Amino acid sequence: MPVVGVIGGGQLARMMVPPAVALGIEIRVLAEQEESSARLAATQVGDYRDVDTVRAFAAGCDVITFDHEHVPQDVLRALVADGMSVQPGPDALAAAQDKLHMRERLTALGVPVPTWARITTRDELAQFLADNGGRAVVKTPRGGYDGKGVRVVDRADAADDWLADGAVLAEQLVDFRRELAQLVARRPSGDLRAWPLVETVQKGGVCAEVLAPAPRSSDAVERSAAEIAATVAHGLGVTGVLAVELFETMDGRVLVNELAMRPHNSGHFSIDAAVTSQFEQHLRAVLDWPLGDTELVAPHAVMINVFGGLTDDQIAQALGHQPAAKVHAYGKSPRPGRKAGHVTAMGDDLDDVAYRARAAAAHFDA
Ligand SMILES: Nc1ncnc2c1ncn2[C@@H]1O[C@H](COP(=O)(O)OP(=O)(O)OP(=O)(O)O)[C@@H](O)[C@H]1O
Ligand SMILES: [Mg+2]
């Protein structure tokens, strides 16, 4: 049995467990805490920032991969120096760990991105605002998620608190038609597969819904998204799943928002609605095994995130009222705003599928 070690015990690690079981892969998790979402796998609790802890965890594994991108570079490089297979590797991951570095690497690859600048002072932000119509998006380079660390600003002093800690990323506020995500998986040997382009709907900076495939997409948009994701995956040497978050502009261009080098919320539809899920594909890719087909098993799928928590009663009610919907609970203790699960519905008619997914998800509204 190959042994895959996953650093991070969140829902992404949890959702790797069923395909690991199916494929005869042993999965071990280095979790942050005892009550992790991934605790059903063989779990060890420890600090992923501590090189000795991570080394000891990795010792029994054939490959190390991730539930999040926060493992420090020195820890990653120590594993590589030990001869461990780390997928994705430190150089690729660096571009997902720091949004300034990400913008630099994407720009160097010639991939279209919003106008951006590295900002270190209030004066530089004032200049960026003046050059970009008086409004901008400012982001902390590290540690942001679910819209935390992202701020729309129209005053040069609006990022003083972040600038006190170092440089920030400023971007043009993109007037997008919609947000899209292109997921691909790449093996160390270079083989790459893409899932259909999806539309993501964020509410308050957080992913709320995903429509697969992205409805009414032009061929040109689909082609650009697929080309961009392949360029990034090959150009940065990404292995495993790469999610490329995109903006479709009003004039039909595609710009990269950000990258994730692991299974991603925008790919959860694939568990129920694609021949090969992103979690199975990730395991296959990091082991350098042949990749699976990525087509949808129904013309349309809609995935809806559930926040807060899911009680047993709510799950039973959702299943009772929407027997065709697929409910996924992440086994996390309830907390307002926390991603606690998701619901997927599939079928022939997008409106009907969206209705059924939303009706099932509504059972979890507190
Ligand atoms: N330059 C931009 N112009 C317009 N909207 C933007 C821009 N950058 C980000 N946003 C909006 O803010 C959301 C969150 O931004 P981003 O993806 O950078 O942050 P995050 O917190 O790292 O997200 P995630 O939850 O995906 O980790 C985007 O999905 C988009 O809706
Ligand atoms: Mg994002």
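In case you wondered, yes, glycine gets a Cβ from its N, Cα and C as well.
The ATP binding site feature in TrEMBL is assigned to K99, K139, E171, Q172, L173, V174, E179, N257, E258. The Cβ of E179 (ATP binding site) has E199, T200, V201, Q202, E245, L246, F247, E248, N257 as same-chain neighbours under 8 Å, each 6 or more residues away in sequence.
Under the heading domain 'ATP-grasp', TrEMBL lists 103-287.
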Where the record says K99, K139, E171, Q172, L173, V174, E179, N257, E258 bind ATP, what is the longest distance in Å from one Cα to another among those residues?
18
Count, for each of the binding-site residues E171, E258, the other C-beta atoms lying within 10 angstroms of its own C-beta, and report the residue with the smallest count.
E258
Enumerate in sequence order the binding-site residues K99, E171, L173, E258 whose Cβ-atom distance to ligand 1 is under 6 angstroms.
E171, L173, E258
Nonlocal residues around L173 (ATP binding site), in sequence order (Cβ under 8 Å, 6 or more apart):
N132, G133, R135, A136, V137, V152
In which DSSP state, out of helix, strand and coil, do we find L173 (ATP binding site)?
coil
